[in-house]
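In what follows, a single structure is set out as structure tokens and then discussed.
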Amino acid sequence: MPGFTCCVPGCYNNSHRDKALHFYTFPKDAELRRLWLKNVSRAGVSGCFSTFQPTTGHRLCSVHFQGGRKTYTVRVPTIFPLRGVNERKVARRPAGAAAARRRQQQQQQQQQQQQQQQQQQQQQQQQQQQQQSSPSASTAQTAQLQPNLVSASAAVLLTLQATVDSSQAPGSVQPAPITPTGEDVKPIDLTVQVEFAAAEGAAAAAAASELQAATAGLEAAECPMGPQLVVVGEEGFPDTGSDHSYSLSSGTTEEELLRKLNEQRDILALMEVKMKEMKGSIRHLRLTEAKLREELREKDRLLAMAVIRKKHGM
């Protein structure tokens, strides 16, 4: 039986069965052991202690020995009657070590919080510097674009004047219309004539290119954050081409989502059916294996009987 039994002759109190009792171990000192042995109660004792030499492995129950050193109390039923397992003493840590550990944890937490605050402050400073640098860059771009705009506007005026002069040639003079107020208004033909000279054509092309560059610069200055993507059409995002059942594009509707969920459920149901079929086939194979083993055993028995008959000449 697991546990400890009292060493008093005729006493069978067990530490595993009698949980209400306490059990005491004899001390190491020989004088104390002799004193304990003298103080053992003789009530119900069927033998004598004249030749008994107690050791530290002997236990006394609280029925025959009052006091002493309490060594073992059964709290939970156990199957380990070993002294090292049942009487393992819990190593008590000093209170100072626990307090030092708590202080160390608090210091580590404070250091982590300080590091996080410093990182946040650095990020805020970087954002402020970026915000301050962006307006200055935009003003510098506009200052650089102003002379280009002036030169482009002058070139445009020159080309318009040249077209007006060419349209007022001797063969193409048209009467000026008269407004209801009586003022003469001269029409300006802005269409490009084929009879332009080579120099005028080159000047017009240069002016047009400068005008395009100036307008592009103005658009870039008005948008300091850089060129923006303008999406034209019904679909807000391009098709990435991912068409497997787990991909959800941004334009997924409720019907498509339900359809995909139903597909997944169908797949799971099919997998469950396949698993049931596999379990049935495994069970059938096991039954077949048992039958074959039984047949083999029967054949071995018959063969053994035949060999025995041959040996005995039956």
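Here the Cβ of each residue, glycine as well, is placed from N, Cα and C on the backbone.
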Where Swiss-Prot places region 'Disordered' among the ranges 85-111, 274-300: 85-111
Segment assigned the feature motif 'HCFC1-binding motif (HBM)' in Swiss-Prot (from 139-142, 167-170, 243-246): 243-246
Integer mean pLDDT for the coiled coil (255-305): 93
